[in-house]
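Trainee: So TrEMBL lists the following for this protein:
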| type | residues | note |
| --- | --- | --- |
| TRANSMEM | A:16-37 | transmembrane segment |
| TRANSMEM | A:44-64 | transmembrane segment |
| TRANSMEM | A:70-89 | transmembrane segment |
| TRANSMEM | A:101-122 | transmembrane segment |
| TRANSMEM | A:142-162 | transmembrane segment |
| TRANSMEM | A:183-213 | transmembrane segment |
| TRANSMEM | A:225-252 | transmembrane segment |
| TRANSMEM | A:264-296 | transmembrane segment |
Amino acid sequence: MSTALIIEQLLNGLQFGVMLFLMAAGLTLIFGVMGLINLAHGSLYMIGAFACAVVAAATGSFWLGLAASLVAAAAAGALVELAVIRRLYDRDHLDQVLATFALILIFSEGARWVFGSFPLYLDIPPVLQGAVSLLGGAHYQLYRLAIIGVGIVVAAGLYLLISRTRLGMRIRAGQSDREMIAALGVDIGTLYTVVFALGAALAGLAGALVGALQSVQVGMGEPVLILAFVVIVIGGIGSVKGALVGAILVGVVDTLGRFLLPKLFAIFLGPAEGATTGAAVASMLIYIVMALILAFRPKGLFAANT
Amino acid sequence: MTAGAMNRETLFNTVLAVLLLVLPLAAVAIGEPFYVTLATRMAILALAAVGLNLALGLGGLVSFGHAAFFGIGGYVAGIFASHAFNQEPMLFGFEGSDQMPVIWLSAMLVSALVAVPIGAISLRTSGVYFIMITLAFAQMIYYFAISWPAYGGEDGLSILTRNAFPGLNTAQPISFFLICYGLLMAGLLLFWFVRNSRFGAALQAARQNEARVAAVGIAPFRIRLAAFAMSAAITGVAGALFADLNRFASPSMLSWQMSGELIVLIVLGGTARLFGPVAGAILFVLFEFALGGLTERWQLFLGLILLGVVLFARGGLIGLFAGKARHG
Amino acid sequence: MRKILAASLLGLSLSAAGLANAEPVKVGMITTLSGGGAGLGIDARDGFMLALKNAGATDIEVVTEDDAQKPELAVQIADKMIQSDKVDILTGIIWSNLAMAVVPNAVAQGKFYLSVNAGPSALAGEKCNQNYFNVAYQNDNFHEAMGQYANKDYKKTFIMAPNYPAGTDALTGFKRYYKGELAGEVYTKVGQTDYAAEIAQIRASGADSVFIFLPGGMGIAFTKQYAQSGVGIPLLGPGFSFSQDVLAAIGDAALGVKNSASWAKDLDNEANKKFVETFQAEYGRLPSVYAAQAYDTGNLIVSAAAKASVKDADAFRAALKEAKFDSVRGKFKFNTNNHPIQDLYVREVVKEGDVLTNKIIGTSFTDHEDAYAKDCKM
C-alpha cells in the first residue's frame, strides 16, 4: 500500500465529505432557524441535478447548467416553503416528517413524469477534465479537486454570511430566539423563505456537481439525504460548523472503511470471504460511528441550542 | 372532549372492527379470495402500527426505525421455517420451527432484545436526534441483512410452505386471516390495557411534561425503554405474520421507506387513537390497491393525499369522524 | 367495425401460426414502472406488447401492474392476478429478489411463470419447476461469457460487484471461466454511487483489465468516473451495465467498453430486423436487451397458444418447451431446467451518428448452458 494511494483515498474522503457538507449545511440551517426537519431535501438535490443536465444538454454549457441548478433548486425551495413548509413550523416533528415524506413521493414521481424514466446525461466541463499530479506521486482528478474547492468556498461564504451580514445576524437571532426577532420587527416570513431557498440552492448545487460524476436519475437524493442526516446529527443539529466537521468525518471514515476493512478482514478470512465481510461491515460503519458518538454526546459534537 | 365524541369514537371503532372481519368472509362467500389477502395485509400492517403507536402515540417517541423490528420479526419467521424445513440445526442444536406460536414468541423476544440496546442509546437523545438515530440503527440492520449471505442477502428468504398453527389449515387464506385478525385484536387489547394502566399514565405524562414526572420520582428513561421494547415486540410479531403472508422475508421489510409507511399508517388513522392504526392501514392498503390499478403514477397521488391529511385533516380519519382527541 | 377488424386480424395471425386454437390466454405482467428502476420495466413491457401487436395476437389479454421494485407489492399483485384476474401466465419481473418472492408461490398454484429477465440460480437448480420457464438467461450467463472472453487478451483482471447475492453470483460466474490472475476482488455497497476509492485501488493494483457488474445507476456512475479518472485500463462488463437504456446517460465514457449479452440490435436475422425496426417506429427509441427478451417471451406465448390450449397445462407446457418461435437471438431452445441454451456474444459500445449503441465483435459461447441444470430434478 503506497503513500500515493493513501493520499488519494484521504482526498476522496475529503471530497465526499465536502459534497455531504453542501447537503448538510442547508438541512442544519433550516433546522436551526425554523426548527423544521426536512426529508424532502434530497428532492431539491435531485432537482438541481436534473436542471443542470437539461440546461447543459440544451445549451452545451455545463456552467449555464450549474447556474440553472442553483436557480431551479432555490425556486423550488421557495415555492415549497410558501405552499407547504410554512404551515409546518408550529407543528410537531411527526407532522413535519410525514409532510416532507409526502413531498418526496410527489417530487420523485413528478420528476419521472416530466423527464421520463431513463437516466439523463451530464458530463464534467472540458476545462476540468483530467487529473493532476500531487506530492508523493499521487494523481488526483481535477474535477474532484474543484468540488473540494467549491466546498471550502461555500463553507467560508456561509461563515461570512452568518457572522458578518444583516441576514446572518437575523439567522443567528432566529436560532437563539424565534419570538424575539419577530418582536424586533423582522419580516420573519421572508427570512424563512430566504433561508429555505438558500438551503435548497446548496442542495441543488451539490446535486449538479455530483450529477456530473454519477448518474442523474429519479431517487438519487434519498441515499444522500440519509447520510446528510447522519452528518448533522453527529455534528449537532443547527450548527454549520458541526455540519462541516461531521461531513468530513463521515466522508473520510466511510471512504477509508471501504478501502481498508476488506483488506483487514482478508487477513483473517481469506480474500473472497474477507472482501464480502469487510464490505458488509464498511457499509454499516458510519452508522456505528454515529451511534457511538451519540451514546457519549447525545446532542452531537457541536450542539447548538435545540 | 365530550362524552358524545367518546361514544362516536367507540362506535366508529366497532364499525371498523366488524367491517374488517365481515368483508373477507363476504369475499370468500362470493368467490373473490383475493380480497381476503388484502384484508390480511390490512390486519398485519395495522398490528405493526399498533406496536409503533405504543411508542409514538402514547410515549411521543417518534421512531423512524421501526422497520428494523418489522424486518427482524420477518426474518425470525423465515429463518426458523427454513431451518425446520431443511432440518439443519441453527443454534445449540435447535432446529428452527414451523409452528406459528413458537415463531411469534421468538419474534417478540428477539425484537425486544434488539430494541433494548437501540432504545438505551436512542432514548438518551430526544426530538430530531431520536428520529434520526432510530433511522440510523434501522439502516445499519438493513445493510447487514443485504450483505449477509447466509439467509439470502438482498434476494430475501423464501418460506416454501406457510408456517403452521395448531388446529388450522394456514394455507387457506381465510384461516390465516382469522389468525392475523385475532392477533390484531389481542394487540389492540394490550394497547388499551397499557394506555389505561399506571405504566401508560406515566408514559403519557412523560411525553407531556418530563420534568414533572421526574419530580414525582418516576424515571422517564426506564418507562420509555420498556415502552420502546414492548412496541418493538408487537411490531416484530406483525413482521413474522407479514413474512408468512408473502411466504417471503426480505431486506425491504427493513428499509427506511417501510419505517416511513408505518408512521404514515398511524397519522392517517389518528395518532395515539386506539383504532388509529387500523383505520390508517385500511385506508393505506385501499389507496395503494385502487390507485395502483388506475395509474402507474400512483405514488404521486399518494403523496398528495398524505400531504392533504397532514395539512388539513389533523387527527386523521378517526379525528374526522369522532372529533378531537384527548391529547391535543 | 373495430370488432370486424380485430376478428380479421385474429384470423390472419391464426392462419400465419398454422394451427388454430381459439382459447384466449390471460397474461399478468408484473414489472417495475415507477421509481429508479422503471426504465428496465418499461422496456420489458413495451417489448412484450410489441410482440403481441406484431403477431396480431388479439386473443392474448394482458393485465399490467407496477411492482415499484418492492417484493411485498409484487407478491400482492401476483396474488391478485391469480385469484381475482384469473390469469393463466405471469411474467414481467425484472429483479431477482422479486422473482424469488413471486415465482415459487405462483408455480405452486399451478400457474405458468415466464421470466423476461431475472434468473436466480436457486430457480435454475434445486428449486426448478416445470411451470417456470426462463426466456432470458440464468443470472451467471453474461458474466461467464465475459470471463471466457477475458482469457483471450487478459491475464490480470480486477473484478468488482455490489455486495449482495447477484453481485457475488456475478463474480463467481466470471471466475468460473476466467483462467488468469485476479488483481483484486472488491465488493461495494449496494446503491453506492461514488467510486473514487475503488478507482484508486484499481489504479494501484497493476491490473490489465477491469470487470464490473454494477447494474442501473451504479454502473452509470462508475463508468463515468472511471473514464474521467483517466486510468485507461480496458473495461469489461455484462450487458446490463451498458444496455441501451443507460448508454445515453453514460455518454462517450462508455465508448469502447466490451460487454457480453445474448442479443444486440445488429444481430443478423429476420426476426431481429423486424423487432428493431418496429420497436423504433412504435416507441421512438432503440430497444434494450430487456425489450428483446420480453419480445421473445411474447412470441413464445403466441407460439404455444397456437398449438395448445392454456387450460390444458400439460399440452401447453410441452408447447412452451418446444420453443418454436422466431427468436430475435437467432437460435433458441430450452435446457432440461427450462432455461435457455443460447449463444452469448461480446459487444462493443460504438457511436452510430449521435447515438451510442452496441455492436457485436465476437462470440463467447455457442449453445451455452447454465451451471445449475444438473441440480434440477424435474
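Just so you know, glycine gets a Cβ as well, placed from its N, Cα and C.
Annotations in TrEMBL come from automatic prediction, not curation.
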Trainee: Can you find at least 3 Cβ pairs under 8 Å between the transmembrane segment (A:70-89) and the transmembrane segment (A:142-162), where each pair is 6 or more residues apart in sequence?
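Mentor: They are not in contact.
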Trainee: With a Cβ cut-off under 8 Å, give me the same-chain residues at least six positions beyond the ends of the transmembrane segment (A:183-213) that come close to it.
Mentor: 19, 22-23, 25-27, 29-30, 33-34, 38, 41-42, 44-53, 62, 65-66, 69-70, 72-78, 80-82, 85-86, 89, 122-125, 143-144, 147, 150, 154, 167, 170-171, 173-174, 220-221, 224
Trainee: If you count every Cβ pair below 8 Å, which range out of A:16-37, A:44-64, A:101-122, A:142-162 shares the most with the transmembrane segment (A:225-252)?
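Mentor: The listed stretch sharing the most Cβ pairs with the transmembrane segment (A:225-252) is A:16-37.
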Trainee: Ranking A:16-37, A:44-64, A:264-296 by the number of C-beta pairs under 8 Å to the transmembrane segment (A:142-162), which range is first?
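Mentor: When the Cβ pairs under 8 Å are tallied, A:16-37 comes out ahead.
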Trainee: Please indicate, using numbers and ranges, the residues of the same chain that are 6 or more beyond the transmembrane segment (A:16-37) and have a C-beta under 8 Å from a C-beta there.
Mentor: 44-45, 85, 88-89, 93, 96-97, 100, 147-148, 150-152, 154-155, 158, 171, 174-175, 178, 191-192, 195-196, 198-203, 205-206, 209-210, 224-225, 227-229, 231-232, 235, 237-240, 242-244, 246-252, 254-255, 304
Trainee: Do any residues of this chain, six or more beyond the ends of the transmembrane segment (A:264-296), have a C-beta under 8 angstroms from a C-beta of it, and if so which?
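Mentor: Result: 227, 230, 233-234, 249-250, 253-254, 257-258.
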